[in-house]
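Notes to accompany the following structure.
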Ligand SMILES: Nc1nc2c(ncn2[C@@H]2O[C@H](COP(=O)(O)OP(=O)(O)OP(=O)(O)O)[C@@H](O)[C@H]2O)c(=O)[nH]1
Ligand SMILES: [Mg+2]
């Protein structure tokens with residue numbers, strides 16, 4: 001068996017002199033071969049890194065140029081992309097803001113997979129429904145609120161009119177480091193611009209045909225909010241594949257199953273399909289879990305089981 005090299009979290013790029021004092025900072029943007037660091041002193045500058053060093057926005061680092069050492073992460077957000085590769089997208093986060101809009105509408109399972117990932121990663125998921133100014137958003141907003149309003153905090157906002165932004169800012173001002181995720185064109189950068197106009201982030205054009213936003217933001221960036229808290233703007237991810245969640249664990253993180261998880265099922269490895277003595281089935285029959293929640297759960301469970309079967313076949 002090949003000896004795997006232990007992954008270093010240290011970069012040493014371009015020389016060996018270490019005479020400069022060591023400084024602590026946080027990565028606020030990642031540009032492939034360099035990271036933008038905000039130091040505790042208030043200074044902000046780019047530091048070279050090795051490509052694929054594994055650093056991400058939110059990482060705390062010690063810099064004594066040319067050496068950069070990544071400090072241990074408190075939390076880590078990971079997702080699986082369309083090719084099945086695992087991507088670390090942010091570090092040391094507290095809140096995952098899942099941003100959606102009626103157009104472009106979220107891909108099936110997107111909201112739930114993002115929320116399951118957040119809970120599995122010890123982040124608090126919240127839902128941000130943008131483009132509340134548009135008449136055609138009404139049905140989407142009503143349906144989405146009906147599903148999630150009793151499960152997570154839901155903010156109905158508009159980057160154009162400023163509707164709902166006070167409540168969102170007040171929430172973030174509690175000192176959280178929040179992370180925006182959402183498919184491209186839902187208005188993540190527009191929302192950040194509305195909260196912090198001085199940022200002037202690039203915002204996409206809205207194509208007339210199909211009203212789909214184009215992929216505009218290419219790099220995740222961390223911003224300090226004037227009112228308190230921090231917010232990361234990200235490029236749109238169209239998939240939010242689960243990474244560390246097994247079919248057996250899914251229900252424990254699934255939005256809408258919280259009450260059912262308080263009462264253990266008869267079988268410890270219950271997958272909540274047709275097993276007797278299942279607390280999810282009981283609440284479903286009592287109307288305390290909606291058919292929509294249950295159907296969505298089964299769809300994600302099917303995907304996880306298919307992935308598990310593929311993995312076993314490969315092995
Ligand atoms: N009507 C309306 N349009 C909005 C709103 N927010 C954003 N838009 C429009 O939606 C389009 C996409 O906005 P962006 O802020 O670039 O979207 P994004 O989510 O950052 O997109 P990516 O960076 O590609 O992931 C732009 O044309 C915005 O003007 C809103 O609240 N109401
Ligand atoms: Mg953007």
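Glycine is treated like the rest: Cβ placed from N, Cα and C.
Annotation source TrEMBL lists region 'Disordered' at 1-20.
What TrEMBL records for 82-240 is domain 'CP-type G'.
Under the heading domain 'EngC GTPase', TrEMBL lists 91-238.
Positions annotated as GTP binding site by TrEMBL: 130, 131, 132, 133, 182, 183, 184, 185, 186, 187, 188, 189, 190. Counting every protein chain shown, the Cβ of residue 182 (GTP binding site) has 26 other Cβ atoms within 10 Å.
Contacts of residue 265 (Zn(2+) binding site) defined by a Cβ separation under 8 A and a same-chain sequence distance of 6+ are given as 272, 275, 277, 278, 279, 280, in order along the sequence. Classification of residue 265 (Zn(2+) binding site) by DSSP places it in coil, neither helical nor stranded. Look at TrEMBL and you will find 265, 270, 272, 278 tagged as Zn(2+) binding site.
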Densest Cβ neighbourhood among 130, 190 (binding-site residues), 10 Å radius: 130
Residues among the binding-site residues 190, 270, 278 that border ligand 1 - Cβ under 6 angstroms, in sequence order: 190
Entries of 132, 186, 188, 190, 278 (binding-site residues) sitting next to ligand 2, with Cβ under 6 Å as the cut-off: 188
Span of 130, 131, 132, 133, 182, 183, 184, 185, 186, 187, 188, 189, 190 around GTP - largest C-alpha separation, Å: 19
